[in-house]
Amino acid sequence: MSGFGGVKNVVVVGLGMTGLSVVKHLLKTTISLTIKVIDTRDTPPGHDQLPENVELHSGGWQQDWLINADLIVTNPGIALASPQLKPAIDKGIKIVGDIELFAWAVNAPVIAITGSNGKSTVTDLTGEMAKAAGVKTAVGGNIGFAALDLLEQDAELYVLELSSFQLETTSTLKLKAAAFLNLSEDHMDRYQGMADYRQAKLRIFEHAEVCIVNRDDKQTYPDVEKTLKSFGFDQGDYGCIEKDGIEYLAKNTVPLLAANELGLVGKHNIANSLVAIALLDAAGINLDATLDTLRTYNGLTHRCQVVADNNGIRWVNDSKATNVASTLAALSGLQLEGKLHLLVGGVGKGADFSELSPALHDLNLMMYCFGEDGDQFVSLDPRSLLCETMNEAIATLYPTLNKGDMVMLSPACASFDQYANFMARGDAFTQLAKQYSIES
């Protein structure tokens, strides 16, 4: 708890699941603290769960609280560049996030994953593999449980997904191993450019014993000398080799598992599996005990998930594809018998969607564009239709469906124009898929 030296007044900025986990954690410390919460929303989620001795200011900022704090704990959604935080920064007040508080408190090994795409799958898969090896494992961070809530599980190993937003306010997190999966354009509404975004991601390596990088994406390599292990589709530390005409996932030249035995489909999931293997190997976990999980694991909800399959028509929920690279990954692994009915759109976060054009050109498809930035997709391909909502898009495409077709939601955008989050968007798609499948 060394980070709390001299701290008496703490201001938590942003409530919700993460903010509540911070308040709960602070109340458990042995130090006597005055805790106050600021949330710009009029009725922030979780406000009714705050204890009476924690004061809440909602509906705007409270500058007096901020400049008189000893420590400010910000929600990942609050950028450090926010002008409201500048007076506190200028005054030298320490600003951290929930992951930094986790770093001060954790007393078991931690491994962590970041990247533009695939990090949720790798985090979840790594956790499942560790559990299969008999290790008491807690999984969370930017996925599932807030990191501070995981401490209650008293785990032997913590597996964290970390976003660039979380890493901005994290500086002392010691990791047995850290993986930087890939880097592609995302969150350009938050960062000044790709270099700025990359630097936020690279913070994951600051105190990592082993840094796992992507041989096919040199942007994932740290700028300073570190202990590196790499993954890729060629032979290397962790890669692919061919033996007797069969492709294997391998550690150096040692085959571990045939690629066709993986429960996950798509080339990108070979890479995801290699990262999980590399992380667990670095953490000293017996790989032999984990490989069966690779055979049975079939992925996350909202990530290339078949939610309905009726009359030869498959409905695929890929709502977690909130950027262009995620949608490109989904399209690259498709096996189509008929036409693809692709649903795209939402909040584009300043992204350049033109990268999708070559992938779209090679597919038998019709694209339905909806949401705040749906109009930005229409010019990418002449086989496009602009709709107000996803409901309207599905009602429009449904009468045209034939056996062998696929309806895929892979929006390449954030969801918060029309939905609370990507999960709510995926749930809405799943409900519509099941409804229309019954009717067909």
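Just so it is clear, glycine is given a Cβ too, placed from its N, Cα and C backbone atoms.
A quick note: this is a predicted structure, and the numbers were derived from the prediction, not measured.
Look at Swiss-Prot and you will find GLY115, SER116, ASN117, GLY118, LYS119, SER120, THR121 tagged as ATP binding site. Spatially close to SER116 (ATP binding site) yet at least six residues away along the chain are LEU181, ASN182, LEU183, SER184, GLU185, ASP186, ASN323, ALA325, SER326, judged by Cβ distances under 8 angstroms. Following the DSSP three-state reduction, the secondary structure of SER116 (ATP binding site) is coil.
Ranking the binding-site residues GLY115, GLY118 by how many Cβ atoms sit within 10 Å of each one's Cβ puts GLY115 at the top.
A Cβ within 8 Å of the Cβ centre of GLY115, SER116, ASN117, GLY118, LYS119, SER120, THR121, the residues given for ATP, is found for these other residues of the same chain: ILE113, VAL122, LEU181, ASN182, ASN272, SER326.
Counting only same-chain residues six or more apart in sequence, the Cβ atoms lying under 8 angstroms from the Cβ of THR121 (ATP binding site) belong to LEU264, ASN269, ASN272, GLY299, LEU300, ARG303.
Sequence-distant contacts of SER120 (ATP binding site), defined by Cβ-Cβ distance under 8 angstroms and a gap of at least six in the same chain, are ASN142, ILE143, GLU161, LEU300, ARG303, LYS320. Around ASN117 (ATP binding site), a 10 Å sphere centred on its CB holds 26 further CB atoms from the protein chains shown. Long-range C-beta contacts of LYS119 (ATP binding site), restricted to its own chain and to partners at least six residues apart, with a cutoff below 8 Å, comprise ILE113, ASN142, ILE143, GLU161, LEU162, LEU181.
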